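Below is one structure; the comments refer to it alone.
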Amino acid sequence: MDGSGPFSCPICLEPLREPVTLPCGHNFCLACLGALWPHRSAGGTGGSGGPARCPLCQEPFPDGLQLRKNHTLSELLQLRQGSVPGPMSAPASGSTRGATPEPSAPSAPPPAPEPSAPCAPEQWPAGEEPVRCDACPEGAALPAALSCLSCLASFCSAHLAPHERSPALRGHRLVPPLRRLEESLCPRHLRPLERYCRVERVCLCEACATQDHRGHELVPLEQERALQEVEQSKVLSAAEDRMDELGAGIAQSRRTVALIKSAAVAERERVSQMFAEATATLQSFQNEVMGFIEEGEATMLGRSQGDLRRQEEQRSRLSKARHNLGQVPEADSVSFLQELLALRLALEEGCGPGPGPPRELSFTKSSQVVKAVRDTLISACASQWEQLRGLGSNEDGLQKLGSEDVESQDPDSTSLLESEAPRDYFLKFAYIVDLDSDTADKFLQLFGTKGVKRVLCPINYPESPTRFTHCEQVLGEGALDRGTYYWEVEIIEGWVSVGVMAEGFSPQEPYDRGRLGRNAHSCCLQWNGRGFSVWFCGLEAPLPHAFSPTVGVCLEYADHALAFYAVRDGKLSLLRRLKASRPRRSGALASPTDPFQSRLDSHFSGLFNHRLKPAFFLESVDAHLQIGPLKKSCITVLKRR
């Protein structure tokens with residue numbers, strides 16, 4: 001009767017509508033059962049007033065059994081109708097006899113292991129809601145003991161009895177209770193996931209196995225799980241190690257973010273203060289210039305206006321005397337002589353020439369002075385802006401940033417960096433170094449991202465523009481700037497050099513100029529089998545220290561310094577700290593008689609004009625080193641911070 005598929009009603013032979021799951025596990029339409037059971041009670045099997053029975057297996061059920069909709073099966077039916085065309089979307093007709101039966105019909109189940117007997121209700125953790133039986137009355141459902149992937153329902157121990165007694169139900173696959181049964185079904189075919197493809201590493205149903213994965217290595221899920229459980233501890237350990245590394249990286253990134261934010265806030269405050277001072281200086285200069293103009297204007301204007309008044313008064317007197325002379329009668333000789341004398345006296349008062357215009361106005365030079373200041377300011381701003389962006393030379397540009405500020409902020413830190421100090425102090429600046437395989441020379445064999453060894457046979461690495469071609473060297477990933485960084489290296493065997501190299505240094509340089517410390521773009525600490533020495537710009541400075549298998553490197557970018565330490569028993573002993581000496585007030589350098597220090601004084605600061613990378617040179621044929629040991633101890637410190 002159920003030849004049309006497990007998602008069809010055995011009564012109407014159409015796709016299930018409001019599916020109901022009986023305690024025996026069979027599914028029917030709610031309307032079909034409602035129409036069938038009154039008829040069977042009246043005259044069907046069991047006789048009038050007899051118990052209702054399953055139309056398929058004739059399992060009797062007590063009177064008053066409440067029929068409840070199977071919501072999980074209903075959701076699966078909606079998913080199947082919306083995504084996969086098939087028999088469910090086609091209307092039932094009389095020709096269904098010739099249709100291909102659904103492969104996953106309960107009447108022809110795929111081979112499966114022997115079903116286990118119904119078990120006691122699952123013991124659920126405290127506070128977690130157990131999966132309820134789908135066949136129990138609503139509101140009184142017991143915890144499910146098993147879930148049936150064929151019936152798409154979960155059953156308690158009592159309602160699992162039909163799966164034990166009925167031969168048609170014994171082939172159903174029973175699994176521990178599942179809260180979402182659809183997750184154990186193929187989303188494409190809505191069949192139980194029973195196989196595992198090792199080629200594509202996915203779980204499959206039988207239909208997927210026969211259609212899309214022919215020729216692949218397929219195994220039962222239980223077999224693959226048993227195999228994977230053996231590898232589980234290794235995977236968990238690797239995940240834990242990776243999480244520890246990420247934790248260290250996160251701590252370091254957080255320190256970097258905090259450093260950037262605090263540095264930006266402090267720099268903004270300093271810049272704002274300096275701009276305010278510069279603005280105040282310009283405002284004061286403007287007031288002085290404007291006052292000078294006003295003072296010059298008042299002085300010269302007062303003198304010119306006084307001359308103007310005197311000339312106007314003299315002209316007025318001459319005009320009056322001339323007029324009076326013209327009014328004298330011809331017969332009045334006395335008046336004539338008096339008025340003529342008055343006119344002559346008026347002429348004698350201002351017989352000299354009047355003051356001419358000034359040859360030069362002194363305050364008119366103010367604009368020239370201000371223009372010179374403006375041009376100088378514009379030029380200085382443009383030049384310093386180029387220096388700030390890194391477009392100009394460092395010698396005539398910006399001053400070294402923050403050297404005095406760093407020392408004044410934490411005087412104890414400098415003393416720790418220049419003497420013996422506990423290792424925990426440096427772990428605050430721990431930097432996780434990963435070797436960059438794209439830079440490794442062909443005679444270097446990498447072990448993950450932490451180990452490297454020189455070999456005799458070349459390794460066929462892929463071509464890379466950053467790969468060293470003439471020197472057995474390798475760089476670390478990432479470029480360093482604007483901070484303090486610390487990492488450690490274990491010298492396992494051979495001649496090894498450890499240091500830093502400028503990011504833009506060409507890896508195709510010849511052997512004599514491309515080696516670490518043999519140019520102005522790198523510096524290093526070398527162990528040559530007999531003792532330690534430091535190299536920079538082609539000069540070597542031997543160090544009187546015994547061999548230490550673990551070497552610490554501390555890059556102080558803000559202070560333009562690089563320090564090397566011997567790590568023993570949780571303490572660090574300074575081997576050498578490379579830094580340019582400060583010039584004395586007379587202009588002489590601190591150590592003019594030391595050629596190596598003189599070379600540092602003249603060229604070492606230029607190394608910090610670039611971003612720097614950790615660098616490693618394996619000089620002898622048996623050289624071998626390992627990055628570390630910044631492991632659990634370092635991670636613990638970083639996590640505490």
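Cβ atoms are placed via backbone N, Cα and C, with glycine included.
HIS213 (Zn(2+) binding site) carries neither a helix nor a strand DSSP state and counts as coil. Shown in sequence order, CYS197, VAL199, GLU200, LEU204 are the residues of the chain, 6+ apart in sequence, with a C-beta less than 8 angstroms from the C-beta of HIS213 (Zn(2+) binding site). What Swiss-Prot lists as Zn(2+) binding site is CYS186, HIS189, CYS208, HIS213, and the listing cites sequence analysis.
Confidence over the coiled coil (305-325), given as mean pLDDT on the 0 to 100 scale, stands at 85. What Swiss-Prot lists as coiled coil is 305-325, and the listing cites sequence analysis.
Marked as compositional bias 'Pro residues' by Swiss-Prot: 103-118.
If you look up Swiss-Prot, you'll see 413-634 marked as domain 'B30.2/SPRY'.
Using a 10 Å radius centred on the Cβ of THR72 (phosphothreonine) and all shown protein chains, the other Cβ atoms total 20. Residues annotated as phosphothreonine in Swiss-Prot, with a large-scale study or a structure entry given as evidence: THR72.
The phosphoserine annotation in Swiss-Prot covers SER393 (among others), and the record cites a large-scale study or a structure entry as its basis.
Cβ environment of SER464 (phosphoserine): ASP438, THR439 lie under 8 Å away, each six or more residues apart in the same chain. Residues or ranges marked as phosphoserine in Swiss-Prot: SER464 (among others).
The feature omega-N-methylarginine is assigned by Swiss-Prot to ARG585.
Residues or ranges marked as phosphoserine in Swiss-Prot (evidence: similarity to another entry): SER591 (among others).
Per Swiss-Prot, region 'Disordered' is recorded for 81-123 (among others).
Residues annotated as region 'Disordered' in Swiss-Prot: 396-416 (among others).
Under the heading zinc finger, Swiss-Prot lists 9-58 (among others).
Look at Swiss-Prot and you will find 181-221 (among others) tagged as zinc finger.
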Mapped onto three states, the DSSP assignment of THR72 (phosphothreonine) reads helix
Whole-number Å distance separating the Cα atoms of CYS208 (Zn(2+) binding site) and THR72 (phosphothreonine) is 23
Rounded Cα distance, in Å, between HIS189 (Zn(2+) binding site) and THR72 (phosphothreonine) is 16
The number of other Cβ atoms within 10 Å of the Cβ of CYS208 (Zn(2+) binding site), counted over all protein chains shown, is 20
Given the Zn(2+) site CYS186, HIS189, CYS208, HIS213, its other Cβ neighbours within 8 Å of the Cβ centroid, in chain order, are ARG188, ARG191, LEU204, CYS205, GLU206, ALA207, ALA209, GLN211, ASP212
CA pair THR72 (phosphothreonine) / CYS186 (Zn(2+) binding site), Å rounded to integer, equals 15
Taking all protein chains shown into account, the Cβ-based neighbour count within 10 Å for HIS189 (Zn(2+) binding site) is 20
